[in-house]
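Colleague: I am attaching a structure below and will ask some questions about it afterwards.
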Amino acid sequence: MVSLVPRRMQLLEFHDEGEIARHFSFALESPRPGDQAVMPGQFFMLTVPGVGEVPFTYLSPPDWQGRFSALIRAEGAVSSALFELKPGARLGYRGPFGTGWPELWSARRVLAVAGGSGLAAMAGLIEALLRGGRQDALTLVYGARSRVHQVLPREREQWRGSLELVETLERAEDGRPGCTPLEPLPALFASLAPEAVLCCGPEPMMRNVAELCLAHNVPVTGIWLSMERRLECGMGRCGHCYVGRSSACQEGPVYRYDRYLDLLAEDEEVHRPC
């Protein structure tokens with residue numbers, strides 16, 4: 001069981017990722033042997049002393065020295081306070097929490113679809129599959145509003161040489177028409193016949209991706225969505241993270257699509273007018 005008392009960690013360094021996010025590197029002050037046991041897609045709680053505590057998905061898990069990273073947007077009091085700190089600042093850490101992405105070692109073809117900063121929640125899984133020699137099985141579709149909204153340029157450049165990477169921009173640039181990450185999918189379904197499709201991004205986009213999957217004969221049990229954008233308090237108490245009656249902080253943030261649909265159906269039944 002993870003303690004409710006935050007452990008001490010230090011802000012090592014950071015750099016901006018486009019105009020929407022910042023790549024932070026941290027180090028736990030007293031690393032423990034089990035710190036590396038993080039599933040891709042899980043999250044941790046970060047405390048800025050005197051301000052508060054909020055959840056963030058791991059970009060990379062703690063190594064044996066306790067060093068790890070996260071991609072963070074300045075969207076609230078805690079993250080905004082974090083953006084004002086300098087390297088060396090002391091912070092608090094609790095984790096890991098939640099359910100991450102499924103293990104996909106037996107899947108013949110895997111299609112990952114990410115929108116905007118949702119790519120960060122998939123980075124650990126992509127790295128794990130590449131380390132496991134599954135580069136020929138993996139295709140990544142990454143969509144962003146414009147180039148300044150793209151994240152992880154270094155990682156994407158490294159992945160480009162190891163896997164099939166399809167990038168889309170919603171705004172027309174360099175004489176090319178705008179395109180959403182949904183548009184390349186029908187052709188990829190036809191050529192790849194993926195057994196598993198993983199998605200992270202704005203929820204309406206993820207639902208559209210999932211419905212496209214079903215229309216192209218991807219089994220509902222092979223579709224996975226991350227609700228990491230719903231995370232708030234990390235314990236399911238504030239109600240912000242609920243998918244139907246399920247707390248994404250506890251059961252999620254990753255849900256198989258059939259489970260997600262069942263939860264939405266239950267919620268609609270409960271709130272149906274008499």
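Cβ from N, Cα, C; glycine included.
The domain 'FAD-binding FR-type' feature in TrEMBL is assigned to 4-103. Residues or ranges marked as FAD binding site by TrEMBL: L71, I72, R73. If you look up TrEMBL, you'll see C233, C238, C241, C249 marked as [2Fe-2S] cluster binding site.
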Colleague: Measuring Cα to Cα, tell me the gap between C233 ([2Fe-2S] cluster binding site) and I72 (FAD binding site) in whole angstrom.
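Modeller: Here the two Cα atoms are 16 Å apart.
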Colleague: Reported in the order helix, strand, coil, what are the DSSP residue counts of the domain 'FAD-binding FR-type' (4-103)?
Modeller: 11 helix, 47 strand, 42 coil
Colleague: Calculate the distance in Å between the alpha carbons (Cα) of C241 ([2Fe-2S] cluster binding site) and L71 (FAD binding site), and round it to a whole number.
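Modeller: The separation of the Cα atoms works out to 20 Å.
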Colleague: When DSSP is mapped onto helix/strand/coil, what comes out for C238 ([2Fe-2S] cluster binding site)?
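Modeller: SS state of C238 ([2Fe-2S] cluster binding site) = coil.
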Colleague: Hey, which of the binding-site residues I72, C238, C241, C249 is the loneliest by Cβ count within 10 Å?
Modeller: C238
